[in-house]
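S.K.: I am attaching a structure below and will ask some questions about it afterwards.
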Amino acid sequence: MRVLRSPAKVNLGLWVTGKRADGYHDIVTVFHTVDFHDRIFIKRSHSLKIKTSSPLIPEGEENIVYKALKRFEEWTGVSPEVEVFIEKNIPAGAGLGGGSSNAAVVLKEVNSMYGEILSEKELSELASTIGADVPFFLKGGLAVAEGIGDKLRFLDKKIEREIFIIYPAVHVSTKEIYSKVTPDILTKKEDLHIIDSLLDDFEYFLENIENTLGEIALESYPQMREVYNTLEYLGYKPFVSGSGSSIFAFGKPEAEIEKICQVKGWKLIKTVLR
């Protein structure tokens with residue numbers, strides 16, 4: 001049996017640049033994996049089985065990992081006979097990419113088990129048919145993503161910083177947030193000079209990043225707004241990951257934040273960018 005780490009990610013900014021003919025939106029965002037993860041146990045079996053530790057995550061055909069492995073079978077003609085157990089730590093609907101990460105990690109492992117039947121490029125192409133974030137998690141680290149999030153430019157440098165993430169126990173529908181995007185809040189791609197400062201001046205980058213979807217989510221979900229305002233009041237600069245619902249900040253959380261999270265029932269995650 002193999003035990004794999006399936007990391008979460010945060011978005012360091014997210015700009016919506018347009019709406020496509022197929023109904024999806026083009027974005028520019030910066031992904032970075034963090035040292036907070038699900039654990040995945042995988043072994044060979046006589047059939048494909050997917051189980052999870054969370055009653056909130058579907059098993060079997062409705063699970064994103066199951067769908068990914070069935071797509072693998074379609075592409076390769078190889079039926080992956082494996083048993084997968086996902087020990088969930090990353091909350092669902094939190095903007096942390098848990099499901100996409102699970103799919104990518106298992107796809108990569110199964111491809112390895114069957115002798116690298118797909119090249120790195122082919123595996124990434126397959127992953128993009130599962131979900132926009134899935135190709136990123138095949139490698140992780142730091143990347144600038146464009147298109148629907150599937151056009152990736154990985155950066156060699158990693159930004160090792162302590163961060164903490166607060167999940168306010170509310171599931172955000174990304175589809176709902178995208179439906180509220182209006183033309184007046186779109187960003188022209190040519191105006192995104194801030195991306196150039198990502199490696200040269202990270203502090204400047206942090207001071208000036210925006211999150212179009214995050215701003216909509218803050219107006220739509222009072223629980224998120226409460227977390228955001230609490231962090232601002234305590235002197236932190238808060239950021240929304242993806243379309244929410246997680247809010248994160250750099251540094252270590254004060255004892256007061258830990259107490260507030262306990263009282264409010266918010267999940268506090270202390271981790272680092274990695």
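Positions of Cβ are set from backbone N, Cα and C atoms, glycine also.
Note that the structure is predicted; figures quoted are calculated from it, not measured.
Dumping what Swiss-Prot says about this protein:
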- Lys9: active site (ACT_SITE)
- Asp133: active site (ACT_SITE)
- Pro91, Ala92, Gly93, Ala94, Gly95, Leu96, Gly97, Gly98, Gly99, Ser100, Ser101: ATP binding site (BINDING)
S.K.: Asp133 (active site) to Ser101 (ATP binding site): how many Å between their Cα atoms?
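M.R.: Cα-Cα distance, Asp133 (active site) to Ser101 (ATP binding site): 8 Å.
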S.K.: Under 8 Å Cβ to Cβ from Gly97 (ATP binding site), same chain, six or more residues apart: give me those in sequence order, or none if nothing qualifies.
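M.R.: The list for Gly97 (ATP binding site) reads Ala8, Lys9, Ile90, Asp133, Phe136, Phe137, Gly242, given in order along the sequence.
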S.K.: Counting other CB atoms within 10 A of each CB, which of the binding-site residues Pro91, Gly95, Gly99 comes out lowest?
M.R.: Pro91
S.K.: Give me the long-range Cβ neighbours of Ser101 (ATP binding site): same chain, 6+ apart, Cβ under 8 Å, in sequence order.
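M.R.: Looking at Cβ-Cβ distances below 8 Å from Ser101 (ATP binding site), excluding near sequence neighbours, one finds Ser6, Pro7, Ala8, Lys9, His37, Asp38, Ile90, Asp133, Phe137.
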S.K.: Output, ordered by sequence, the same-chain residues six or more apart from Gly93 (ATP binding site) with a CB under 8 Å from its CB, or 'none'.
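M.R.: Long-range Cβ contacts: Val170, His171, Val172, Ser173, Ser245.
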S.K.: Note the Cβ centroid of Pro91, Ala92, Gly93, Ala94, Gly95, Leu96, Gly97, Gly98, Gly99, Ser100, Ser101, the recorded ATP site, then list each other residue of that chain whose Cβ lies within 8 Å of it, in sequence.
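M.R.: Other same-chain residues near the ATP site: Ala8, Ile90.
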